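Among the features that TrEMBL reports, domain 'YjeF N-terminal' is placed at 12-203. The (6S)-NADPHX binding site feature in TrEMBL is assigned to 58-62, 116-122, Asp145, Ala237, Gly292, His340, Asp406. The K(+) binding site annotation in TrEMBL covers Asn59, Asp112, Ser148. Residues annotated as domain 'YjeF C-terminal' in TrEMBL: 204-461. The annotation AMP binding site is assigned in TrEMBL to Lys376, Gly377, Pro378, Asp379, Thr380, Gly405.
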Amino acid sequence: MASNQILTVSQMQAAEQALVDAGETVSTLMERAGAGAADWIWRVAAGRAVTILCGPGNNGGDGYVIARVLAARGLTVRVIAPFSPKTPAARAAREAWGGEPVETAKGGVFVDCLFGSGLARALDQVLETRLCELAAAHDLCVAVDVPSGIDCDSGEVLNDTLPIYDLTIALGAWKFAHWMMPAMQLMGERRLVDIGVAFDWDAAQLAERPVLSPPEADAHKYSRGLLAVVGGEMPGAGVLAASAAMRGGAGYVKLYAGAEPGLVPPDLVVVHDGLDELLADERIAALLVGPGLGRSEEARARLAFVLGCDLPTVCDADALHLLTADMLEGRLSPLIVTPHAGELDALGHTFGSVGLDRVEQVSDLAEALEAVVVAKGPDTMLGAPGTPVVVMPPASAWLSTAGTGDVLAGLIASRLAVGMDSPLGIALEGCWLHREAARLAGPAFSAGDLLDHIPDAYGVLL
Ligand SMILES: NC(=O)C1=CN([C@@H]2O[C@H](COP(=O)(O)OP(=O)(O)OC[C@H]3O[C@@H](n4cnc5c(N)ncnc54)[C@H](O)[C@@H]3O)[C@@H](O)[C@H]2O)[C@@H](O)CC1
Ligand SMILES: Nc1ncnc2c1ncn2[C@@H]1O[C@H](COP(=O)(O)OP(=O)(O)O)[C@@H](O)[C@H]1O
Ligand SMILES: [K+]
């Protein structure tokens with residue numbers, strides 16, 4: 001089984017070289033990749049004809065292997081070859097296929113083997129048009145390795161108009177583009193073909209679903225973890241975060257509300273004054289600060305006080321705009337920050353990591369803050385000091401509604417209070433609970449509706 005590692009193009013090339021050094025040839029790797037891809041295409045084609053567009057490099061070479069394998073299984077296969085093969089392995093694959101390319105074709109399955117990880121620039125207009133016309137003329141579109149026209153490492157889409165695929169078959173390992181915006185929008189379903197690439201300790205990972213535990217038989221509310229949520233000027237966000245936290249595993253959640261929070265659930269303990277007294281409770285296992293905190297001087301002082309307590313802490317929302325390096329001096333306890341794109345930018349400016357790409361910025365900030373960074377969005381990415389980034393698989397786009405970030409912060413803080421994993425593992429647990437709750441919530445939910453689905457999401461992860 002291939003691992004869930006995500007490789008850059010240069011890591012992929014090094015992995016391929018390591019296999020060659022160990023006695024494989026590029027042709028045997030291409031054979032394995034092409035045969036694996038052909039298996040998937042065979043399944044989705046279900047007897048329909050297949051048209052393969054082959055480029056000049058080894059991605060085109062994979063296409064010739066696929067053509068040979070599928071033709072041998074009795075499918076009608078048409079190959080379109082705007083270039084002649086330029087690598088020895090691709091030339092050999094074309095020869096082994098032995099057929100005659102056609103000018104055009106329509107109907108059935110279209111397979112894009114034009115360019116893979118070797119794409120060096122945007123497709124020219126003629127190729128872009130040809131690719132789009134062929135895709136439109138077929139019932140189903142499959143990209144081999146990656147769709148042609150995207151940058152594997154950054155996930156950038158280099159052409160204005162590209163097809164949207166039904167299936168993308170990654171070869172050897174995932175590339176960042178499979179899981180990063182905007183390229184991931186073109187991929188459709190994603191499948192990975194193993195070609196024997198070794199595990200790379202320096203590689204990013206696609207997050208795997210964690211397994212959570214139910215409480216011990218002798219559990220009590222404090223042994224499961226006491227979480228204090230420190231709110232501020234806009235108490236609704238704190239109530240939402242605390243309500244999520246109550247369902248995320250912690251045994252006891254207290255909300256310090258800076259302002260009168262209005263309606264609160266009867267099972268949420270709300271404290272109105274005496275923050276220092278509240279935080280002096282030695283039973284507190286974790287803190288959450290930020291949702292609804294505000295950005296006033298008072299909010300800044302409250303944040304500094306909370307961080308000064310040196311307890312395991314999640315910082316979200318307003319706290320991320322107020323956070324400065326001096327507030328973190330001398331801290332030893334774990335810190336998890338959960339910025340969306342705007343907050344990531346703000347942190348980047350405060351902590352001197354601007355002008356980097358998203359992957360670099362997340363890693364850089366994790367080092368600078370000595371914290372786990374959960375960079376939220378359609379392609380949520382997590383960084384921790386000394387560890388390659390971890391990318392979450394996509395979640396429901398219905399999460400794009402106000403307040404769902406407060407729910408996530410509450411869930412991560414709840415897991416931090418439970419405290420059964422590393423800070424990175426804890427942040428991932430929160431992200432998975434959030435993702436599963438959103439999946440179970442179906443369409444058009446509000447952040448409040450999401451709360452109702454957390455218990456079942458928890459059930460999925462037990
Ligand atoms: N890395 C590996 O271990 C393996 C890679 N394989 C395949 O090899 C692919 C990479 O092969 P290559 O490095 O040959 O790269 P590609 O097949 O992606 O294409 C590179 C070729 O296209 C040309 N080119 C790049 N951008 C262009 C553009 N916009 N317009 C016109 N020409 C352009 C380049 O000059 C070069 O000739 C992978 O995506 C995968 O499909 C597999 O065959 C098996 C194993
Ligand atoms: N298009 C999307 N697809 C999947 N998840 C999304 C999308 N947009 C937002 N999210 C998720 O929803 C949450 C929104 O958080 P945030 O931007 O902080 O919202 P708020 O501040 O209103 O609570 C994050 O967990 C983010 O990853
Ligand atoms: K391709």
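Glycine residues also receive a Cβ, built from the backbone N, Cα and C atoms like all the rest.
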In whole Å, how far is Gly61 ((6S)-NADPHX binding site) from Asp112 (K(+) binding site) when you measure between their Cα atoms?
12
Residue with minimal Cβ packing [other Cβ atoms within 10 Å] among the binding-site residues Asp112, Asp379:
Asp379
Predicted model, mean pLDDT over the domain 'YjeF N-terminal' (12-203):
98
Quick test of your reading of the structure: among the binding-site residues Ser117, His340, Pro378, Thr380, Gly405, whose CB sits under 6 A from ligand 1?
Ser117
Please check the binding-site residues Asn58, Asn59, His340, Gly405 against ligand 2 and give me the ones with CB under 6 A, sequence order.
His340, Gly405
Can you name the binding-site residues among Asn58, Asp145, Ser148, His340 whose CA is within 10 A of the CA of Gly405 (AMP binding site)?
His340
Suppose we screen the binding-site residues Asn58, Asn59, Asp112, Ser148, His340, Gly377 by Cβ distance to ligand 3 with a cut-off under 6 Å; which survive, in sequence order?
Asn59, Asp112, Ser148
Recorded AMP binding residues, Lys376, Gly377, Pro378, Asp379, Thr380, Gly405 - maximal Cα separation rounded to whole Å:
14
Please identify, among the binding-site residues Asn59, Gly61, Ala120, Ser148, the one with the smallest Cα-Cα distance to Thr380 (AMP binding site).
Ser148
Where Asp112 (K(+) binding site) falls in three-state DSSP terms:
strand
Whole-number answer please: how many Å between the C-alpha atoms of Asn58 ((6S)-NADPHX binding site) and Lys376 (AMP binding site)?
35
Would you identify which of the binding-site residues Gly61, Gly377, Pro378, Gly405 has the most other C-beta atoms lying within 10 angstroms of its C-beta?
Gly61
At the Cα level, what's the spacing in Å between His340 ((6S)-NADPHX binding site) and Gly377 (AMP binding site), rounded?
6
Between the Cα atoms of Gly61 ((6S)-NADPHX binding site) and Ser148 (K(+) binding site), find the distance and write it as a whole number of Å.
14
Setting Lys376, Gly377, Pro378, Asp379, Thr380, Gly405 aside, what same-chain residues sit with their Cβ within 8 Å of the center of the Cβ atoms that define the AMP site, listed in sequence order?
His340, Ala341, Ala375, Met381, Met392, Ala395
